Amino acid sequence: MDNVIGLEIIEVVEQAAIASARWMGKGEKDTADHVAVEAMRDRMNKIHMRGRIVIGEGERDDAPMLYIGEELGICTQPDAAQVCNPDELLEIDIAVDPCEGTNLVAYGQNGSMAVLAISEKGGLFAAPDFYMKKLAAPPAAKGKVDINKSATENLQILAQCLDRSIEELVVVVMKRERHNDLIKEIREAGARVALITDGDVSAALSCAFSGTNIHALMGIGAAPEGVISAAAMRALGGHFQGQLIYDPDIVKTGLIGESKESNLARLKEMGISDPDKVYTAEELACGETVLFAACGITPGTLMKGVRFFGGGARTQSLVISTQSKTARFVDTVHMFETPKRPKALQLH
């Protein structure tokens, strides 16, 4: 799968990022997201595959494109029998976030990117639109920190694993009221807190790379993004755990239902028998081969944002593979058209 589709998924996130970046700073987050969705969907439909969205823009009734269950790729089209050999058919599950951090794009802030993860059919956990408690940490701490431990305990373990003092650690937490106690505990333990308003996939990803000055992600964010983060962290060998949050009182507001009971019933309908289960990266992205790709929309910790010039743009992307055990940064120059040159000044 890596050799067949690796370059193409880079182009998918690049096209989404370029489309969204045109709306950077214009205050229209829905438009920035919509154009990214369109660009991502259009490019995926040109890939020789039968793909199925398992994490997308929402349920079919709520999302016109990239909805959960939508099929994409050349081999899903009416004339597929003429161009797709059943013996060589590439069937994959896809998790997407065409514009992670729509507010960041709308207000010209750092940290937004277009992301996706793919695996063979059944290789990605189809997370509901719930919240998820998350813990991400570098490869050195894999299996040593634990989401069931307190933040203080995990910081002590993390400091030991990274051979540094707690005071030298930086923990990313989303700036939400529900995290006030967590933020207080982290600070009292001696670590530093980097607050973000959106974009915890980028934060989780940064934990796995040395030199980013991000050592952990803690707190509660959206579950679908948790699966995408897990795909990247599995490929990078980093630590990731996630636990679904079904009690609305914990998050106060957001994507989950009106009552704890209705959410538990929904999870049961989805076949999730243990709602309190703590999932590892290997369980959330369980496929034999998992690929993750991202492209910066606005500048971030790992990637530069889209930079436009006359007749083109330059992007920086990242593709990670469990198959090749690589993380490749890709710098691409896109030529749109020949820029129009101004007419020579006529002097009389």
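Just so you know, glycine gets a Cβ as well, placed from its N, Cα and C.
Taken from Swiss-Prot, the feature Mn(2+) 1 binding site covers D33, E57, and the record attributes it to similarity to another entry. Within 10 Å of the C-beta of E57 (Mn(2+) 1 binding site) there are 24 other C-beta atoms, taking all protein chains into account. Secondary structure at E57 (Mn(2+) 1 binding site), taken from DSSP and collapsed to helix, strand or coil, is coil.
In the three-state DSSP scheme, E100 (Mn(2+) 2 binding site) falls into the strand class. The Mn(2+) 2 binding site annotation in Swiss-Prot covers D97, E100, E225.
All chains included, 17 other C-beta atoms sit within 10 angstroms of the C-beta of R178 (substrate binding site). The substrate binding site annotation in Swiss-Prot covers E100, G101, T102, Y131, R176, E177, R178, D198, G199, D200, and the record cites similarity to another entry as its basis.
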Q.
Nearest by CA distance to T102 (substrate binding site): which of the binding-site residues is it, out of D33, E57, E225?
A. D33
Q) If you measure C-alpha to C-alpha, which of D33, E57, E100, E225 (binding-site residues) come within 10 angstroms of G199 (substrate binding site)? A) E100, E225
Q. Within 8 Å of the centroid of the Cβ atoms of D97, E100, E225, which other residues of that chain place their own Cβ, given that this set defines the recorded Mn(2+) 2 site?
A. G101, V115, G199, V201, A222, P224, I228
(Q) Max CA to CA distance in Å over the substrate-binding set E100, G101, T102, Y131, R176, E177, R178, D198, G199, D200? (A) 21
